[in-house]
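Peer 1: Take a look at this one; I'll ask things after.
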There are 2 protein chains.
Amino acid sequence: MRIILCGFGVVGQSFAKLLESRSEDLYARYGLKPRIVGVFDRNGSATDASGLDISRLIDAKKKYNSVKKYSETKNNASGIEMINDLEAEVLIETTQSNYKDAEPGMAHIINAMKQGMHVISVNKGPLALAFPSLMELADYNRVLFRFSGTVGGGTPILDFAKNSLRGERIVSFDGILNGTTNYILTNMADGMSFNNALSDAKQKGYVEADESLDLDGLDAAAKLVILANWIMGMKVTMPDIKRTGIRNIDSDDIKHATEKNCTVKLIASCNKELIVAPREIAADDPLCVSGTLNAISFTSEQSGTQTIIGRGAGGIETASSILRDLIDIRNESTKT
Amino acid sequence: MRIILCGFGVVGQSFAKLLESRSEDLYARYGLKPRIVGVFDRNGSATDASGLDISRLIDAKKKYNSVKKYSETKNNASGIEMINDLEAEVLIETTQSNYKDAEPGMAHIINAMKQGMHVISVNKGPLALAFPSLMELADYNRVLFRFSGTVGGGTPILDFAKNSLRGERIVSFDGILNGTTNYILTNMADGMSFNNALSDAKQKGYVEADESLDLDGLDAAAKLVILANWIMGMKVTMPDIKRTGIRNIDSDDIKHATEKNCTVKLIASCNKELIVAPREIAADDPLCVSGTLNAISFTSEQSGTQTIIGRGAGGIETASSILRDLIDIRNESTKT
C-alpha cells in the first residue's frame, strides 16, 4: 500500500514512526504492508517509489526544517504536482486546519480523490467547510474517505457512535470536544482568572497559533460539523453552527455554577439545533471531565446515555487514529 | 432468520417487543427479517414455524406465568427437545446466570452449537465457567457466538474494546462492572451504613435474588472473565479471578477514602493479575461514576486511557445489545 503524506509535523512524524515500529505486526495481523512513497511539507518534498526511509526523513526534517534535503536529487515538486504524478493508493492529509478556505488541504484531498486515491484526513478544515460535497466526490470516484483523528484524537468517538452503537438510533449528543478550552475552564473553576488561565495554557503549548480556533469555539464547531454529518446523517457545514466561545466567561459565571454544584464547560451539542456554547454541567455528570480531556455523551433510543472519555489530541494518539483508518481502508478495499 | 428464545423474562420480552417495533426498519437497513419460532420458560414452551405472535406470547406469559398456553395445542417440549427438534438459525439464551454449574444455559448453548445454530447469550454463567471451551465448540461447529449484553448491558463495552480500538494494543483495564454494588457504595459515600444502603438497593429492585452474586463480586468476576478472554486473548475461567466483595467495607474505609478525595469502588481489573476487589479511586478519575452506572477504562499503548460509561443493565438496554448481535450475525453469516 503506497502512501503520500501531506505535511510532516508532529502528527506526520509520529505516524511515520508508528508505521515503522509496527511493520511486522501490521503485516502479520492485517496483511498490511504500507510504505510512504512521497512526503511534502511547506518547503519541499521527498519521493521514493520503493518507500522512503523514515529515520532519514526525520533527520532531514530536524536539520533543515524540511524533508526536501532527504536526498541529493533536487525535489521541487509541489504537493499538487506530487499528488497528480506519483502513483499511490492512499493520501494522508495532516496539514494545518483553517476555516477560511481550508487550503491547501482542500486541494490535496480533491486532487487525490480525482486520482482515485483513498483519503485519510486529520485536517478538519476541508471537512468543516465541505463535508457533504467531499463525501459525494469520494462516492463518485469510488474511493474511501476516513477522518477518525479529526474528533477525539486517538479516542475513537466517531467509530464508537457509528459502529459500536449500530442497531441503535442516536437522538442527541453533547460533547466537550476542545481540550484547550476545557483546560482553561478547569483552571478558572479552581480560581484562576481567564487571562491567567489562558497564559498558563499557552505556556504549556495547548493553544493553537491562532488562538481564536480554540477560544471562539471554531475547533469545537468543526468537530460538531463532522459528527452531525457522519453520525446523524445531516448535511451541514460551518455556517450551520450557532457558535459562542469562552472569551466572555468571567469569575462570576464560574461562581454561580459552583453554587449549583455545576461547572461551566464549552459544550458542542446536537439536539434539533447545532450549538457550540458555554453551558453549566452538573459536577456528577460523566460528561463533566477536567483538564484537557475530551468527553461526549450520546443519547440513544434504547440504551440511554453513554459517555466516552479520552485524551483529545497529541501526535501519537492522532497517529494511532490514522493507522486505524488505514487498516479500515485495507479491509474495505480488499472486499470488493 | 429463525430464532429460538430461551427464557421469557424481562430481557426476553423486551427483545421480542423490540423486534416487533423495529421490524420494518431492520429489513430496510440490514435486510434482517427475524422471526421467533420457539420460546420456552421454566414451565413450558410455544412454537410456530412461521413465527410466533409477540403480543399473544406476552399476554400468555402475563396471564399464566408461562408461554405454554400460547396456543391450545399441548406443548410440553423441554428446552433441549426444542433445540434438538426445531429448525432455527439462532439461539438466544436469556435464562438466569448461576456460577455453580451454569445450567440450564450451558446445555442450551452446547446443544444449539452442535445443531449448527449461531448463539447469542446474555447469560453470563456459561461464559464465566467455560469461555475457552465454548469458543472452541463454536469454531468447531462453524457457528458464531456473541454475548454483547453480558458486559455493560446496552453499553457496548466489548465491542468498543474489540473493534473501535482495533490497531491498538490494550495493556490493562479497570472497570466498575456491577451497578448494584456501585449504588450501595455511592450511598455509603453519602453517609449511609452498609446495611441501610443494601436495604435501599433491595427495595429498588437492584439486588439479585441471590445477593451473593452482587455483594461477593461474582457478577463482576464473571464479566472480568469475559473481558479477559475476549479482549485480552487470555484463556481463563472463574477460578482464575482473585475476588473480594464489598461486605467488609465499613464507614471507616469510606471516611479514609474521602479524606484523600477518593471514593471506594468495587473494581474489576486486568493488569498481569485478574482481580475483583474494593479500591480507592480518585474523585476526579473518569472511572469514578456514581449510582448504578458502569464504567471501564482501557489503557492502550498509543492512545492513553479511554473510559466508557453507561447504564449497565435493564431489560430494554440488554434487548438492544441482543439486536446488535443479531445484526452482526446476519452480516457475518452472509459474508461466507
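Glycine too: its Cβ is placed from the backbone N, Cα and C atoms.
No curator has checked TrEMBL annotations; they are predicted automatically.
TrEMBL lists A:K223 with the feature active site, proton donor. The NADP(+) binding site annotation in TrEMBL covers A:G7, A:F8, A:G9, A:V10, A:V11, A:G12. What TrEMBL lists as NADPH binding site is A:K124. TrEMBL lists A:E208 with the feature L-homoserine binding site. What TrEMBL lists as domain 'Aspartate/homoserine dehydrogenase NAD-binding' is A:7-143. Residues or ranges marked as domain 'Homoserine dehydrogenase catalytic' by TrEMBL: A:156-327.
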Peer 1: Counting only residues 6+ away in sequence within the same chain, which have a CB under 8 Å from the CB of A:G12 (NADP(+) binding site)?
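Peer 2: For A:G12 (NADP(+) binding site), the qualifying residues are A:L5, A:V39, A:D41, A:I92, A:T94.
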Peer 1: Round to a whole number and give the Cα-to-Cα distance in Å for the pair A:G9 (NADP(+) binding site) and the residue listed as 'active site, proton donor'.
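Peer 2: Rounded to a whole number, the Cα-Cα distance is 21 Å.
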Peer 1: Distance between A:K124 (NADPH binding site) and A:G7 (NADP(+) binding site) at the Cα atoms, whole Å?
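Peer 2: Between the alpha carbons of A:K124 (NADPH binding site) and A:G7 (NADP(+) binding site) there are 14 Å.
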Peer 1: Would you kindly give the Cα-Cα distance separating the residue listed as 'L-homoserine binding site' and A:V11 (NADP(+) binding site), rounded to the nearest Å?
Peer 2: 15
Peer 1: Averaged over the domain 'Aspartate/homoserine dehydrogenase NAD-binding' (A:7-143), what pLDDT does the predicted model reach?
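Peer 2: Here the mean pLDDT over the domain 'Aspartate/homoserine dehydrogenase NAD-binding' (A:7-143) amounts to 93.
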Peer 1: Using DSSP, what is the helix/strand/coil residue split across the domain 'Aspartate/homoserine dehydrogenase NAD-binding' (A:7-143)?
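Peer 2: Helix, strand, coil within the domain 'Aspartate/homoserine dehydrogenase NAD-binding' (A:7-143): 68 helix, 19 strand, 50 coil.
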Peer 1: Provide, as an integer number of angstrom, the distance between the C-alpha atoms of A:K223 (active site, proton donor) and A:G7 (NADP(+) binding site).
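Peer 2: Spelling it out, the Cα of A:K223 (active site, proton donor) and the Cα of A:G7 (NADP(+) binding site) are 21 Å apart.
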Peer 1: Tell me which residues of the chain lie with their Cβ under 8 angstroms from that of A:G7 (NADP(+) binding site), as long as they are six or more apart in sequence?
Peer 2: A:F40, A:D41, A:E93, A:T94, A:T95, A:Q96, A:N123
Peer 1: Taking the centroid of the Cβ atoms of A:G7, A:F8, A:G9, A:V10, A:V11, A:G12 (NADP(+) site), which other same-chain residues have Cβ within 8 Å of it?
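Peer 2: Other same-chain residues with Cβ inside the cutoff are A:Q13, A:S14, A:F15, A:D41, A:T94, A:G315.
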Peer 1: Could you say which of the binding-site residues A:V10, A:V11 has its Cβ with the most other Cβ atoms inside 10 Å?
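Peer 2: Output for this query is A:V11.
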Peer 1: Which number gives the other C-beta atoms within 10 angstroms of the C-beta of A:K124 (NADPH binding site), all protein chains shown included?
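Peer 2: There are 26 of them.
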Peer 1: I'm trying to understand the geometry here, so how far is the Cα atom of A:F8 (NADP(+) binding site) from the Cα atom of A:E208 (L-homoserine binding site), in Å to the nearest whole number?
Peer 2: 17
Peer 1: Neighbour count, 10 Å Cβ-Cβ cut-off, for A:F8 (NADP(+) binding site): what number do you get?
Peer 2: 26
Peer 1: Measure from the Cβ of the residue listed as 'active site, proton donor' and count the other Cβ atoms within 10 Å, all protein chains considered.
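Peer 2: I get 26 for this one.
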